[in-house]
């Protein structure tokens, strides 16, 4: 009964209409609610022509069943468009939303289209783009089930020829692009299946213009559609000639030239092919071989060592009727393994190690008649596993330890219904059902048991073996695999290791790390190594046998002789016979000259290099101007101009526009200047990463290179120091902070966690790792506090952790710069030699609002190396008003300041200097300090109201909160704390922040936009806050300069304004 439900009757409900028509079991009169033209129509009376999907319908009911299908990984789905561009795909997604009308697959690594049968499910597909992949094959009749396809783009691939049935079924195709492939031949009649074709492109293909291609020239000349005409690549006298300009008499064949014979499907080397039968038996195969001929009807893979059925290797065998996988090592049959084998009638998987048959493993085998799973280790069969086997006549399940409880009762009924099982399958458990035949045992005997043994459940779900340790949770994955989600402080595949000073094994050369005490460790070295970290290889070159003044290179428990030029051999005992038949490395006709200790190749004209293997680049000293690219030729080059330039060397520029800048003189340091309408003053709009009235402060930077860093003045560590970092990254490793030489403080990312090395001069060094993982791409706050020998770290306002570097030295004393985000090469080499860092690679990501000893630091005040202002693409996202979620950690109240007196009950912390407890704290950003002061004030006010009248009882605050306070005379009073933007004593003055639009030329460095740009500024009052952009977008404009050059620039267009607490 489905009546009285608001059904949306479009293409996504076609299956239900068909089902109800075939199975008339719905008796409540279910009818359509939408769209309007189908209202009150009965579901079981709808035709396919009426059930159509439109973009409007999909958008209106987004989030409901219309778009309930999961979007494939690596793709984005919007309305009826599935965009998988640059998704890293090596094969088509297994499933696609059935209502898809536009499928975009450009810039991937696809090698074949049409073999999996996925496209055949998209009966409403209108546009298919598979450009810039690695396509070498299009399966025969790949598009046969796409009658509505209008646009097909297969350009920029590796297709070699176009066969006669490649485009069969595309009766509505209007646009076809095969440009820039490797097509040498097109079969006659390849395009006769395309009656609606109006545009086609074959440019950029090396066509062999012999007698077999004459028909194509004639066809292109008669084609009424517009087309990209290809040129001939051979024979030589027709090279670069348009094929339509070649007369019929010029298409000749010489010798044994043949036409398009089709891409030959060879038999795999391990197999023997006889007609349509492929035998790969007893070949010691570890996997199903590639390249099985698509016309195969019988495939024998028995008696091998196959452990997994690779569905991709079978997906193109649409004609297969018999498949034998017996006597292998297969443990699992995964969902949809045989889904594309629609003609399969016999499947044999007997005598394997099969433990798990997933519910949809046999889905799609509607013509299967014989199934053998005999002699495996199957205990449970999910209900519905055989639902598609509508023509099955025989199933072999003998010699399997079946667990016959109530979950297998359905199987008992199923085999009894048609006597499909010959009475061999027996129950193994539970004890009351042992050795009973499934066929003859009454179904009511299959009763539920209180608990199913873990060894039975674990056959399909390894989480029942309880592999995860130390409180971790187990998540089951495909193919009997699992994943452990570790509790804080643990790591490893099974969360079996605790994070301590040995985390990541700091010992080199397979040394064993042993914990000495909290934060300290020692390394036990294997044979051949010594040193604190087993870093020293014992010198094996003592007493070496190297000859002819060769150099001995020490290895592990052995050595190698590095020969001087002209000698070879294990001990450099033999002279190399240069320029002989046995040794002549000179290529391309070069002459070899023997110089005893070396040889010389005398190259022919046009070649260079030690062995004359390099073609001389004529573009080395080219004269191309204005950003043009040089194209190398034979003893010459050509200039490929960009934009509007022309001339042999692209020296002729476009039209020049006069400068009309309203900001002839301004103080904007890192931004742009513009004058708002009806204003005599200018406003500085800061570039990403900068703030301040004149954009003079750098507060946000991006580290993108492996050797990026900031160098600031030395860190003041007496009596204490505190540093607060705000960053986000997806990189596992990278330097966050470093200062010192021998005594040092090093903070880095190591395997996604924060690692600290702290040494005030008391050997050995103290180490600490964060429990939190911070390389998840969201913003994190790291607070660092040094107090004499004590070091405290807190991440994202969680529980703080401490280490102590005990010893005679009390403070960390350093006069070296404070490096942020990375370190110079020479400093990194010293840090690695002393084991201060695990890796010297720079931090890769965005960093903002660096606080040193409570003060916000101008990042432009120090030395910058390969550091870019702003956050690149991240900057746009934050400007569009979506930064609230990412910055929640940065702006929530600091309920407990991080001080020595408030550190946690960490057994590694032993603070001996509590006198500084009220003097030292890590300073969070200004907004946090404000919230914390409010909380204390609120607590004080509430304590006063225990015995006094609440002064906020009849307050007059309109748009704000009432906050109690005490006046100077001791009387209780209140003040109004206004909402963002509101002002006035009683918060009754509304904000006037709004967007003021203007249209003017965009000017920068003497260059001006082609036409006026429509933009806006945020102006108006916001009380004590600022009127700032809430949403912006990036627009690319072309700027024309006085010297005739031009370039493109992305500028920020303000869309909406809003009052904000932050004014930078």
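Glycine residues also receive a Cβ, built from the backbone N, Cα and C atoms like all the rest.
Check TrEMBL against the ranges 834-853, 854-873, 874-893, 894-913 and you find region 'Disordered' recorded for 894-913. Residue 486 (disulfide bond) sits 30 Å from residue 525 (disulfide bond), taking the C-alpha atoms as the reference points. Within the same chain, residues at least 6 positions away in sequence whose Cβ sits under 8 Å from that of residue 978 (disulfide bond) are 957, 959, 960, 984, 987, 1023.
Scored by C-beta pairs under 8 angstroms, the domain 'EGF-like' (498-535) has its highest count with 699-871, from the stretches 615-651, 699-871, 948-988, 993-1064. Each residue contributes its Cα atom, and for residue 612 (disulfide bond) and residue 563 (disulfide bond) these two points are 24 Å apart.
The C-beta environment of residue 686 (disulfide bond), restricted to residues of the same chain at least 6 apart in sequence and closer than 8 Å, consists of 670, 671, 692, 695. Per-stretch counts of Cβ pairs under 8 Å to the domain 'Laminin G' (699-871) identify 461-496 as the leading one among 461-496, 948-988, 993-1064.
When the Cα atoms are compared, residue 603 (disulfide bond) and residue 563 (disulfide bond) turn out to be 27 Å apart.
Sequence-distant contacts (6 or more apart, same chain, Cβ under 8 Å) of residue 563 (disulfide bond) comprise 548, 550, 569, 572. Cα spacing between residue 641 (disulfide bond) and residue 673 (disulfide bond): 32 Å, rounded to the nearest whole number. A sphere of 10 angstroms centred on the C-beta of residue 695 (disulfide bond) encloses 22 other C-beta atoms. The two recorded residues residue 962 (disulfide bond) and residue 673 (disulfide bond) have their Cα atoms spaced 41 Å from each other.
For the domain 'EGF-like' (575-613), the mean pLDDT of the prediction comes to 84.
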